[in-house]
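Taking it in order: structure first as structure tokens, then the write-up.
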Amino acid sequence: MGHEGEEEQDTPLIRASYDPSGDGSAELSSRTGTVWTAMAHIITGVIGAGVLSLAWSTAQLGWVAGPVGMIVFAAITLLSTFLLCECYRSPDPECGSTRNPSFVQAVNFYLGEYPIPDFHNMAWLSIIAAIMSFTYSFIGLSLGLAKLIENGEIKGSIGGVPADNVADKLWLAFQALGDVAFAYPYSIIVLEIQDTLKSPPPESQIMKNASAAAIFVTTFFYLCCGCFGYAAFGDSTPGNLLTGFGFYEPYWLVDFANACVVLHLVGGYQVFSHPVFAFAERWFNEKFPNSGFMISFYSIKLPLLPAFQLNPFRLCFRTAFVVCTTAVAMIFPYFNQVLGLLGALNFWPLAIYFPVEMYLVRSSIGAWTRKWLVLQAFSIFCLLVSVVALIGSMQGLIIAKWS
């Protein structure tokens, strides 16, 4: 194995709250997460802007491959999540003394390769973001259903949108797979969410229950948005269900849905950015342990607001991070192509490879055993899906950029 994980009797490098005893008991007792808060975090992480591209993805894949593809990706996501849940504690997944409260720490502990403050206190943000995601998803599928009723017929075909030749059809289908892949995985935050849960019962059991319920709910919404959108618009299905043509009326409802998208993405951005922030803070703390810029906190009190602690490094790094990611988004404003590219790049390494490899190490599964072969075949299959999705999305991005 690699470096040691986080022992419950050791003092963590970064603690969400002050623990005068130094034995970790205060941190453990501060964990108040339940299956409901875990579901809120998961739904915030899973249901994002990617849901708005699923009608287009269904249109490219057709009435059979489209819905089946979403269900398959849901099953893959749930399986990889279950594998990750088993890696939170070691050596026993339910009562092991070593905890891995982040994806990066788990990879380092099990595989020896190359972390989250405030995550425990983000339940309220995830709940609000989850409500917003349900709102704009419901508006999108409702508008699709209304358009379907207005048309009086179900549009679309078994093979999906026709293309000029087989190659073009394959490119679009591969890109659609990338969009679906982007819409599901949340492996990077699984262990962080699990680390917020109050035990007993075992955190792995709560997390599995929350994941199963959340994936079921999101898959239902995904199928509704994808199928209603395709049934309403057929071969003319827009790439973004809300901003594409045909959904400009009623204006106020579309504007409200887009406002919900913004509010949800603020929450989702926070949830997914915290692992990056924590990793950077941990790395710089190790490199500059005595820097006042890194370790100093200043109490700020604004009128009508409670006092809060401000750290100069966090302010500068997080601001720069937001500016950079916003600039990248402005440079590549191609919704479907970028979603497909990001989904293809993240899907296999983060959602499949690392969870599988960590589970094999934690469970001491020997090479060439039946279970090892099944999990490796599962990983290779997902790798192939990622490769074709990446190729299709890159081709679509190049055409969109230079056409």
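The backbone N, Cα and C atoms fix where each Cβ goes, and this holds for glycine too.
Automatic, uncurated: that is what TrEMBL annotation is.
Since the structure is predicted, the reported quantities are computational estimates derived from the model, not experimental observations.
Now, the feature entries from TrEMBL:
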type: COMPBIAS; residues: 1-10; note: compositional bias 'Acidic residues'
type: REGION; residues: 1-26; note: region 'Disordered'
type: DOMAIN; residues: 31-113; note: domain 'Amino acid transporter transmembrane'
type: TRANSMEM; residues: 35-56; note: transmembrane segment
type: TRANSMEM; residues: 63-84; note: transmembrane segment
type: DOMAIN; residues: 116-399; note: domain 'Amino acid transporter transmembrane'
type: TRANSMEM; residues: 123-149; note: transmembrane segment
type: TRANSMEM; residues: 211-233; note: transmembrane segment
type: TRANSMEM; residues: 253-272; note: transmembrane segment
type: TRANSMEM; residues: 315-335; note: transmembrane segment
type: TRANSMEM; residues: 341-361; note: transmembrane segment
type: TRANSMEM; residues: 373-400; note: transmembrane segment
Practice item. Determine which residues of the chain contact the transmembrane segment (341-361) at the Cβ level, with the cut-off under 8 Å and only residues 6 or more beyond its ends counted. Key: 1, 50, 76-77, 80-81, 83-84, 86-87, 103, 106-107, 110-111, 177-185, 187-188, 372, 375-376, 378-379, 382-383, 385-387, 389-390, 393-394, 397
Point to revise | Contact call for the transmembrane segment (35-56) and the transmembrane segment (211-233): at least 3 Cβ pairs under 8 Å, seq gap 6+ | key: yes
Revision key, fill the gap. Spatial neighbours of the transmembrane segment (63-84) not adjacent in sequence (6+ beyond its ends, CB under 8 Å) are 54, 57, 103, 106, 156-158, 160, 173, 176-177, 180-181, 183-187, 190-191, 207-208, 211-212, 215, 218-219, 222-223, 226-227, 230, 351-352, 355-356, 358-359, 378, 382
